[in-house]
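Notes for the one structure printed next.
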């Protein structure tokens, strides 16, 4: 209140100086300032109030103010220096925007060329784009300047550090910086000791600062849904009571059929699982239940992986396809592989001895008994079976393909802004989904089928169902391209990774944003949920894989070792091993079960600065390929690891 009165007195002094008697009387009356002594406001107070407006006519004040702030940061105590240093980048950005807005083109160019290169390496792309905007008219409708002007830059800071900063700015009367701090920065305050450099580096890097702790407070039901009961479909021979048979008194009794131990265990309810009716899921048909029984039987023969038992790796290398292959996907039971090409075509191969059959013609279908148990098999024509099929329909490069869990359908997305649903019985496109206005980078089926997810250059992700032309949910909030998306194993949540260097978790039923995770220093290109559903692995162009805990939205570990962008992530079927593949033509295997044990054994500081584990102790093995970067990785039901890549060797 005292500061406000000082400001008013300073304004009155200015009005008196310029002999604006009428305006002075009106202000006195409105502000209830009747009895004011002469020269109540000093010259310094007048100068302080005018400084904010003076800057428009004096661009040099920006450079001097920034240099003074930088000197203050450098001379601060070590304990505060790292947190104080976080404000330098947003101050540079907003000073440059103000200089351009006020028409000081030359001073703006000089300012950003002098102080831009000093900022962290991960901000250089934005600064280079910003430096191309040199006139006020170029700012209108520009994505980058709009993002900075409409979003506060978030800095997580201790109360002591912030008090130190504000005291300095008020003492120096640095009104230009004070205006930027008050209008464009948001301080996520916490009590306690200021963070060190490693703790600051762990969560910085996103386009508009760090995640606010309030954004990660909502409870997330990361547990898995209870498995459906498939016992009823397991055929057991009927029991016969031979004691009552008078014709065969000496006949030995038939043994009672043994219960299959695979199905005798009752699946426990996960305490962290969402309610079953939280989202409507499709009912399982008998065919789906039989497939689950088959999957359970196969999983019983699964190899348990660990440091002493690494998985066998089978690598599918695509030859003579340099710069033409854009994506690859393997279906859940590892029987099919789909490859997308830059010429807009998709090719599907069978990875098993069973060839790809096509449905019979309408005339032949009339003769089939519809009530037969094997009606689907009868509908397919063995005479037209082939080892591969080519699908045409898109009018631009295909960026992702995704098989439905039951392998009857496949999705694809493209630069042509559409998503196509293909029938793997007729090998034709059955639906075209239009909604995105820009290229669609990724598309994924829900683990339970029916729903699917897409993300695009339009900064949004969308939830669809196969039976609707319109999206059911639009997940908006990212500040740049949404490059990759994935469903949580319980289908209640989706995760997205973006070029704004953030990872977000969204709620499917409500469409709400539940988690914001910052720490990557480059666009995110791959996501994978752990088998238990609690952890999320993210791979990025910063050559790192980060492990996040969805319970609190915390960064737990940084797995380093790749020397290029990480484009493929996959957890083993038992959840013990994480496989990562990058553009550095290297596959790495990490001991995820050991990491989980180490994490569960410590108390996580949920306030502001959890320590991030180094990944080196968890690396079990690296496998280099012969100039073949990874497109995708996939663990089979028996824990055999399949990789797909495109050979990039130079032609001889």
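Note: Cβ is positioned from N, Cα and C throughout, glycine not excepted.
What you are looking at is a predicted structure, and each value in this text was computed from that prediction instead of being measured.
According to TrEMBL, the features are:
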type	residues	note
DOMAIN	56-185	domain 'TFIID subunit TAF5 NTD2'
REGION	236-281	region 'Disordered'
COMPBIAS	238-247	compositional bias 'Acidic residues'
REPEAT	391-432	repeat 'WD'
REPEAT	433-474	repeat 'WD'
REPEAT	475-516	repeat 'WD'
REPEAT	517-558	repeat 'WD'
REPEAT	559-593	repeat 'WD'
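With helix defined as DSSP H, G or I and strand as E or B, the repeat 'WD' (475-516) counts 0 helix, 24 strand, 18 coil.
Nonlocal intrachain contacts for the repeat 'WD' (517-558), taken as residues 6+ away from its ends with a CB within less than 8 angstroms of a stretch CB, comprise 121-122, 202-206, 209-211, 215-216, 220, 222-224, 272, 480-481, 483-486, 488-490, 495-499, 501-505, 564-575, 578, 580, 582, 584, 590, 592, 595-596, 599, 604, 606, 610, 612-615, 618.
For the repeat 'WD' (559-593), the model's pLDDT averages out at 95.
Long-range Cβ contacts of the repeat 'WD' (559-593) within its own chain (Cβ-Cβ under 8 Å, at least 6 residues beyond either end) map to 299, 302, 304-307, 310-311, 313, 522, 525-532, 537-541, 543-547, 614-616, 618-639, 641, 643, 645, 648.
According to DSSP, the repeat 'WD' (433-474) comprises 0 helix, 22 strand, 20 coil. Helix, strand and coil content of the domain 'TFIID subunit TAF5 NTD2' (56-185), in residues and according to DSSP, is 99 helix, 7 strand, 24 coil.
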